[in-house]
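*Asks:* Before I ask anything, let me first share the structure, which is written out below as structure tokens.
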Amino acid sequence: MGAGSARGARGTAAAAAARGGGFLFSWILVSFACHLASTQGAPEDVDILQRLGLSWTKAGSPAPPGVIPFQSGFIFTQRARLQAPTGTVIPAALGTELALVLSLCSHRVNHAFLFAVRSQKRKLQLGLQFLPGKTVVHLGSRRSVAFDLDMHDGRWHHLALELRGRTVTLVTACGQRRVPVLLPFHRDPALDPGGSFLFGKMNPHAVQFEGALCQFSIYPVTQVAHNYCTHLRKQCGQADTYQSPLGPLFSQDSGRPFTFQSDLALLGLENLTTATPALGSLPAGRGPRGTVAPATPTKPQRTSPTNPHQHMAVGGPAQTPLLPAKLSASNALDPMLPASVGGSTRTPRPAAAQPSQKITATKIPKSLPTKPSAPSTSIVPIKSPHPTQKTAPSSFTKSALPTQKQVPPTSRPVPARVSRPAEKPIQRNPGMPRPPPPSTRPLPPTTSSSKKPIPTLARTEAKITSHASKPASARTSTHKPPPFTALSSSPAPTPGSTRSTRPPATMVPPTSGTSTPRTAPAVPTPGSAPTGSKKPIGSEASKKAGPKSSPRKPVPLRPGKAARDVPLSDLTTRPSPRQPQPSQQTTPALVLAPAQFLSSSPRPTSSGYSIFHLAGSTPFPLLMGPPGPKGDCGLPGPPGLPGLPGIPGARGPRGPPGPYGNPGLPGPPGAKGQKGDPGLSPGKAHDGAKGDMGLPGLSGNPGPPGRKGHKGYPGPAGHPGEQGQPGPEGSPGAKGYPGRQGLPGPVGDPGPKGSRGYIGLPGLFGLPGSDGERGLPGVPGKRGKMGMPGFPGVFGERGPPGLDGNPGELGLPGPPGVPGLIGDLGVLGPIGYPGPKGMKGLMGSVGEPGLKGDKGEQGVPGVSGDPGFQGDKGSQGLPGFPGARGKPGPLGKVGDKGSIGFPGPPGPEGFPGDIGPPGDNGPEGMKGKPGARGLPGPRGQLGPEGDEGPMGPPGAPGLEGQPGRKGFPGRPGLDGVKGEPGDPGRPGPVGEQGFMGFIGLVGEPGIVGEKGDRGMMGPPGVPGPKGSMGHPGMPGGMGTPGEPGPQGPPGSRGPPGMRGAKGRRGPRGPDGPAGEQGSRGLKGPPGPQGRPGRPGQQGVAGERGHLGSRGFPGIPGPSGPPGTKGLPGEPGPQGPQGPIGPPGEMGPKGPPGAVGEPGLPGEAGMKGDLGPLGTPGEQGLIGQRGEPGLEGDSGPMGPDGLKGDRGDPGPDGEHGEKGQEGLMGEDGPPGPPGVTGVRGPEGKSGKQGEKGRTGAKGAKGYQGQLGEMGVPGDPGPPGTPGPKGSRGSLGPTGAPGRMGAQGEPGLAGYDGHKGIVGPLGPPGPKGEKGEQGEDGKAEGPPGPPGDRGPVGDRGDRGEPGDPGYPGQEGVQGLRGKPGQQGQPGHPGPRGWPGPKGSKGAEGPKGKQGKAGAPGRRGVQGLQGLPGPRGVVGRQGLEGIAGPDGLPGRDGQAGQQGEQGDDGDPGPMGPAGKRGNPGVAGLPGAQGPPGFKGESGLPGQLGPPGKRGTEGRTGLPGNQGEPGSKGQPGDSGEMGFPGMAGLFGPKGPPGDIGFKGIQGPRGPPGLMGKEGIVGPLGILGPSGLPGPKGDKGSRGDWGLQGPRGPPGPRGRPGPPGPPGGPIQLQQDDLGAAFQTWMDTSGALRPESYSYPDRLVLDQGGEIFKTLHYLSNLIQSIKTPLGTKENPARVCRDLMDCEQKMVDGTYWVDPNLGCSSDTIEVSCNFTHGGQTCLKPITASKVEFAISRVQMNFLHLLSSEVTQHITIHCLNMTVWQEGTGQTPAKQAVRFRAWNGQIFEAGGQFRPEVSMDGCKVQDGRWHQTLFTFRTQDPQQLPIISVDNLPPASSGKQYRLEVGPACFL
């Protein structure tokens, strides 16, 4: 039918052309095609990428993780996670008949799905999977269709999938290739809108599709698949573009080359494909808007116009359209094209003087197929033979080649030849480059005069088949089918023709660099005729034009116009400068040129045909911009002149059937066809043999225009062209995406030895060593040189105020000194009148330092000036360097013990104090009540096998246990020997043990008898000799139980029995009796600091305790922060009225008097009368601090102050009764991260942790590297029982073995007979600790008191215990006795200020206390080093003036001050009269502290010097005399945290603390001694296969796979954001370094030659500090992952140069002190994950502080955690088979307080929910938490777990939280 249609089309076209209506008919067809293209509307499509939230239009919208947008689409990496409900992605209105249009490129070969649609029941409904070599369409569960299409070849693929009914069709090549598959099943009616649409994978745990995707659209109209190329986005054609620096393909007449900018991928030419139809089944040729006429002068013919988007290629009917019509001419040009692209022209009728030249269309396939093979590129071979050379026969086969005759070479024939396999494929010379592989490499430079041939490349396209449909086999003859389609129907070949062999699919260089223009007719060659020609190839036309042509005469061309191109008058020909010799190999050459760039001056060539060259001097870059929109169809132009014969076009798609033609003449009988494939329907008969070919019918009418051809695959890369001139500079491209970080390169060879370097800087000193023993005092040395200024020390804690010193004597005024450096702060001069506040001046420039002046003598104290106004509060200055730690001050006076105040609210838990010395053993306390039984602890590891101990004494008979659960029914035993009937007599002696009997016959199972009464145990007989092991007898029926005999004496101890199989856990036994209270043990070592427990509920207030004895005076603690403003006190009692005093006049201000001795407290006088209001006096000077007065009466109780430091724990008080259970407090917000404190002492050992719950099985990790040999693991779960083995032969009796390891408890047996008490047996070996039993109901009697055991060794440090469950409310306890007075405890560290307490009730008035003795004068502390001058602070805002302070005591006379500057005269007011004294008012509220005023000591009196310029900071002066204590300053703002100071000396012990609260429940006691091992039983029969064991827990990390080859080095990424500051205080360090550099020559170049002087001049502490800082910085730059040198996160270790393996490392996210480093597991296989393991696998607790966790959250972008709940008959997530959550579904609390729950906003991924199966066996439910909000993980609690009972249990298995 196809052949007939083609012939009909040709015939019609030829007839139309013959009638002269060719141009009109072409114009009608072109207009009709334009109308169709402009009116055809695209159906509504669904853009899947846009529905998934990926859009090119939203500028700046962030892409999801793992998705990288680029110009043409999106790149999906392994981290891409795209999932959405099906209803939101694929609307239900689309229906079931869909068309999927795809444009993609795979980057990784795997088995990934491009997409998958799953229903709510998680069944696969629709999916597309790319396998290596296959493309599989999944249409349901286990329903799929596979196509032979390899998507993993690294190329871009544009295809469509049509789903219509029961047919699935793969459409490629823009609709020219269609592979339909009929489904043997029905598809699902519709997609479940409530399901899920997963992009890139089949399920959340499957492998991810990695590649680029330009378009993924779904159309509801299935016809879209046939012309899907019209619906492709224009960016998809540019998806795989590149700019190739190709040289000029054509030379201009002016000689200037031009530049190509080729883009193969844009043209779709990475793998050119052609379709090879059967013989004679192709139309003559196709062009975009024209027709192709044959070269025959009398019968021009044409074909129907094709789709306007379709172009044709050189090579005849076996070509595929290459370019869409939307591309401009510059874009369509490509030197790789083996065809002329564009509209074809009508062939002109050649005159007699014109040589008729024809084009031979040949191909070079990879193989000669026996079936319709993959198409291959057609090449036009051109060769100019010598005139004397005969035409070489073309390599056509006998079955397809028309009859040819050898023509003389008078008409300059150009025969077509194809290289044969026997000949060398390519004759390379040294100058010819090797053919590159099929990639996108540029062509070598080539011109028409170049001597280097242009190799061409032919490729084949992979054959697309389906497993459901086989292509029909092509008819074969005795010879192989031809590699191309012949153009004539003559059956007999010429005698000179040869059979076509398989030409190699290699690049064959041509003999000349000729080129054919894009739209100009190609140079014809003999041996080929246009389609439809009835003449033999090369016969008629060649003979007519042959004699009139000469070898060197140019071939003139008739002027004409090509369709939609420039006139042919613009074309020029130029002779080829080089003519090949006859011996040259004839090779095909690619010819291509755009017609609009050809000139019109023909030049003769030596070979007789023209070479076209470009006209003009304008270079034409191919990629000047993206293709513009499709223009409107223009009006038909006037008919052009006839052109040269066109080359046959590619086969178009099959058109609609035309009208039936008249019956043709009967044709010759054809060969019998092959047997057809069997039909799909069962029972249908096989297809019969194919009938003979019918007679050719009449030519039908031309069909409508075919569909647009698909975009061809990119062709192979040719040789590089010559280097062209550089093109115009392009616009800057978009910023590329950062490439992946390359692997570290190999370690290079060591370089040559360098020259000797300069003397390096002095090395850094190490950390300060420990203090050595104090040596003998040395001889006083000479006064040394002034040392360099040291780094300021750490600020010490504020010491207590010292005593006021005596006033110094007045010194004589010294001589005037040289003006010195500008000092820090001038001394206070005579105070003038207050002047007006001036404006703030500008900051002065820093002056040069002046010379240092001599120290002046002590000046005469100046006259005290008038007090000035209170100054403004200065701005906050920069924090100073830490000062040196102050010495502890003198002890204060012992005060009387005040009255006991009301208990304040509980403050926060303080830090643990230092470990005190162990105290003496106290008296034994009263026996306490037995505590509540704790939860079962974790099972310990199996200890070493102990030696067999001596026989122990017999234990007391225990209470009768509860009956155990009924065991599994055993196999029926052998029938017992029937006893003789008789009266039951006394039991006789037990006879000797007989030999084992032979195996009895298998007896029938007897009826199970009723259970008899329990009898007495008979006496054990004498053990007989051990017999040989007999074969186990077959089980018989259960015999009736015999009567109980009396209990016999215990037998001797038998050998240890074989380890039995682990039985099921028995019921919980009753509670044992409470043991006697043991003696008080020694004080254990301090445990680690426990985790803060949850806030307890408010307890019941206890009775008020007795007044304790007076404790020792404690050392004053450090000054606490200022407390909050207290409430105003209550008014005191009113005193008696005093007499009214006369108003005194205001006297002159006297000098300050000396400090008076403290007077005795006088008695309170009577209240006087109100005096007249006095005149307010002037503000007096601040007096010196007076001596402390006598202690006054105890005032009323003030408001609660801040919480003081926590003292050491006092002696243990008596056990109080349990308080009421307090209410649960709300979780407070996380506080700000505090300053890293000094590492505290090692805490006390924690309690034994409880046994954790079994965690979830984690996801299978990647295979890690081989780790070190680990400790023996716990026993695994029971495996699946294997098949029962055959009975083994009887082995020899083995020697008695050593006692085996403790076996796991076996199955519960039947109740045994109660025996008599046996003698004391030897003590057995120590057994394993049994599992915790359940609480019993009965309470046993107390056991006898045990002996006092020896003091045990110090145990290993236990893990911190869990917070205990809140206890029940206890009974009010009796008042305890006052405890003994304890030793003073050490002062604890300074605590944080507690919350402001509520106002306490007024306490009773205390008695008059005795006057305390004056304290001793403390030793004067050492003088601290002067700190450097601080940076001048910024000007602060003017504060509010504070209220006037109380007048201070009269101070001592100050020293003479310097003469101050004259102040501006202020307004002097007259003094008012003194008023009457007013009524005494109530005490006012305490005002806010006033602003700090400037105060200075009086300076020396000297002449005023000239004001010098402000100098730089001078050297620190000599140590000055200690000054008097200044006024307390205002509380400054919080400074920056200073560097951690060195550990201070241990302070004296503090006061005895209050009685502590009752401690938590202790760990469970040790397991008792193991009982006597019973006798070894005989080997029992094989048991029934056990039930399937539980799924094992997650295994350890596997071995790391071998290191893969290093990937290509990625492009450098964009510059990263500026790095944050290091955790060190850079301001401090920078100032310290600057000070050191400014004040020393250590870093100056001239100092290198004096290293000795440098070392002598520096202090040791400076270098120690520098050395420490250098090591610290080096450890931060290159972390090792150790505890001493941790990394921030594991990813920092992976970025280091050395290769790291998966394992355990130490990290410190906040890079603070190394004491808070945490141990994590680093998973470098998964990109450097930081996996934080829980403390135990059964609890959601992690050993990390909240500060470190906050930093870890900030350093991470995503986190994953797995939690598995193992359950027994317990539902934790969903009930039954539905999707409804259970009533008691568990909830998970995240780190940030959010809740993960079923149906909530945050839900975990539940990959397996086995807990909904309740069949009496253990199951598990796996929860996966994967989030990109690191604040959510790890999970900190699992809530709503149902309570465990005997039949319902659960265990938690908590996996690590892995941060990335």
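The backbone N, Cα and C atoms fix where each Cβ goes, and this holds for glycine too.
Since this is a predicted model, take the numbers as computed values, not measurements.
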*Asks:* Which of these links to C1722 by a disulfide bond in Swiss-Prot: C1690, C1696, C1767?
*Replies:* C1690
*Asks:* From the list C1713, C1731, C1767, which cysteine is recorded by Swiss-Prot as disulfide-linked to C1858?
*Replies:* C1731
*Asks:* Which of the disulfide-bonded residues C1690, C1722, C1767, C1811 has its Cα closest in space to the Cα of C1731 (disulfide bond)?
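*Replies:* Nearest by Cα distance to C1731 (disulfide bond): C1722.
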*Asks:* Compute the C-alpha separation of C1722 (disulfide bond) from C1858 (disulfide bond), stating it in Å without decimals.
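*Replies:* Spelling it out, the Cα of C1722 (disulfide bond) and the Cα of C1858 (disulfide bond) are 9 Å apart.
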*Asks:* Around the Cβ of C1767 (disulfide bond), how many other Cβ atoms lie within 10 Å? Please give the count over every shown protein chain.
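*Replies:* 26, counting other Cβ atoms within 10 Å of C1767 (disulfide bond).
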*Asks:* Rounded to the nearest angstrom, how far is the Cα of C1690 (disulfide bond) from the Cα of C1858 (disulfide bond)?
*Replies:* 10
*Asks:* Three-state secondary structure of C1767 (disulfide bond) from DSSP?
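*Replies:* DSSP call for C1767 (disulfide bond): strand.
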*Asks:* Over the domain 'Collagen-like 4' (808-867), what does the predicted model average in pLDDT?
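*Replies:* Looking only at the domain 'Collagen-like 4' (808-867), pLDDT averages out to 70.
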*Asks:* Given a separation of at least six residues and a C-beta threshold under 8 Å, show me what packs close to C1690 (disulfide bond) in the same chain.
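*Replies:* The list for C1690 (disulfide bond) reads G1681, Y1705, V1707, V1720, C1722, N1723, F1724, G1728, Q1729, T1730, C1731, given in order along the sequence.
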*Asks:* Under a criterion of Cβ-Cβ distance under 8 Å and sequence separation of at least 6, what residues of the same chain contact C1811 (disulfide bond)?
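*Replies:* Once residues fewer than 6 apart are set aside, C1811 (disulfide bond) is near I1765, C1767, M1770, T1771, V1772, W1773, H1819, Q1820, T1821.
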*Asks:* In the three-state scheme derived from DSSP, which category covers C1690 (disulfide bond)?
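*Replies:* It is helical.
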